[in-house]
């Protein structure tokens, strides 16, 4: 046990020790240690998680005869229910693709897709700043991989030119909206690149984009009009859609490969049908949430400008606004100060972000008012 204790002490010395906070949620507010604060750290981008009207409308349609609260099994055994197929068909239809497949979480999706679809003769080329879950999936695949510099497509092209002919298939891996910087990948350019090389597939994670961007809330791929050109388009239900789980839209043959070879899918008890029914209910309504998307973009543009004025650093183009302070100690102190002012802001430190880029990740939601965000900016 001494070795474990020493590890924790080392984390504390570097201001990298983490703990799980005790929180009470009240809509867009959080209470911690008897202090009520505006939640500036949520991924509930459309503000749907505490929407009582939506919740009551969903419950009333069942009249007390609710879907099961558990699946009790993997979908490949006895854990499949009609609502799963209904949601997969709805997602595929909205994206105008052949098929969709559901997963228990974005993490399950990202650690399972690449190992299922690659061989030891495959190549993965991933953006330097892709999410930890994608990195874990790459490692589990046990195939050759390189990281291209963040959003540097000349570097990616060079890697493709040097390596594609040596491998049976190549996967380009990126997020659309990057979770820590809030900047956006150029999906049109990535599509053009992958079309130049044989047996090359594009895998895009839209976890922080689905619901928020695009005319119908289908993400950056919809906004860029490239949905049909992305081989594996992943999204999650646990952020803007106020639910749980994830999906991939893809060709039917890729779906069948995943069903047969993706371990997190095969060996996990499926999500509760009740949860999947709620996801279906929300996903149906995505196109009608344009007012929320517009309001969120207005709030985001204002806050990005305010933070850039103070730091001269603003990579973000989205509702994720990084307030980059650099050092761990300064970031922890500023987060504490903002919490004392009534704003639940959290420090993000290495290894989650690169060394010397510690930041407060400010995350806006559509249920915030313009006055609340303006008042917050005063305290920055």
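Glycine residues also receive a Cβ, built from the backbone N, Cα and C atoms like all the rest.
Pulled from Swiss-Prot, these are the features on record:
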- 18, 131, 352: substrate binding site (BINDING)
- 106, 107, 179, 205, 206, 207, 208, 236, 237, 238, 239: pyridoxal 5'-phosphate binding site (BINDING)
- 239: N6-(pyridoxal phosphate)lysine (MOD_RES)
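When the binding-site residues 18, 131, 352 are ranked by how far their Cα is from the Cα of residue 179 (pyridoxal 5'-phosphate binding site), 131 comes first. The pyridoxal 5'-phosphate site is set by 106, 107, 179, 205, 206, 207, 208, 236, 237, 238, 239; from the centre of their CB atoms, other residues of the chain with a CB within 8 Å are 43, 210, 234, 235, 246. Take the Cα of residue 131 (substrate binding site) and measure to each of the binding-site residues 208, 237, 239: the nearest one is 208.
Whole-number maximum of the Cα to Cα distances across the substrate-binding residues 18, 131, 352: 19 angstrom. Counting other C-beta atoms within 10 Å of each candidate's C-beta, the binding-site residues 179, 352 are led by 179. Residue 352 (substrate binding site) and residue 208 (pyridoxal 5'-phosphate binding site) have their C-alpha atoms 16 Å apart, to the nearest angstrom. Between the alpha carbons (Cα) of residue 206 (pyridoxal 5'-phosphate binding site) and residue 18 (substrate binding site) lies a span of roughly 27 Å. Around the Cβ of residue 206 (pyridoxal 5'-phosphate binding site), the number of neighbouring Cβ atoms within 10 Å comes to 28. It is 22 Å from the Cα atom of residue 239 (pyridoxal 5'-phosphate binding site) to that of residue 18 (substrate binding site). DSSP gives residue 106 (pyridoxal 5'-phosphate binding site) a helix state. Look at the binding-site residues 18, 131, 208, 237, 239 and count other Cβ atoms within 10 Å of each Cβ; 18 has the fewest.
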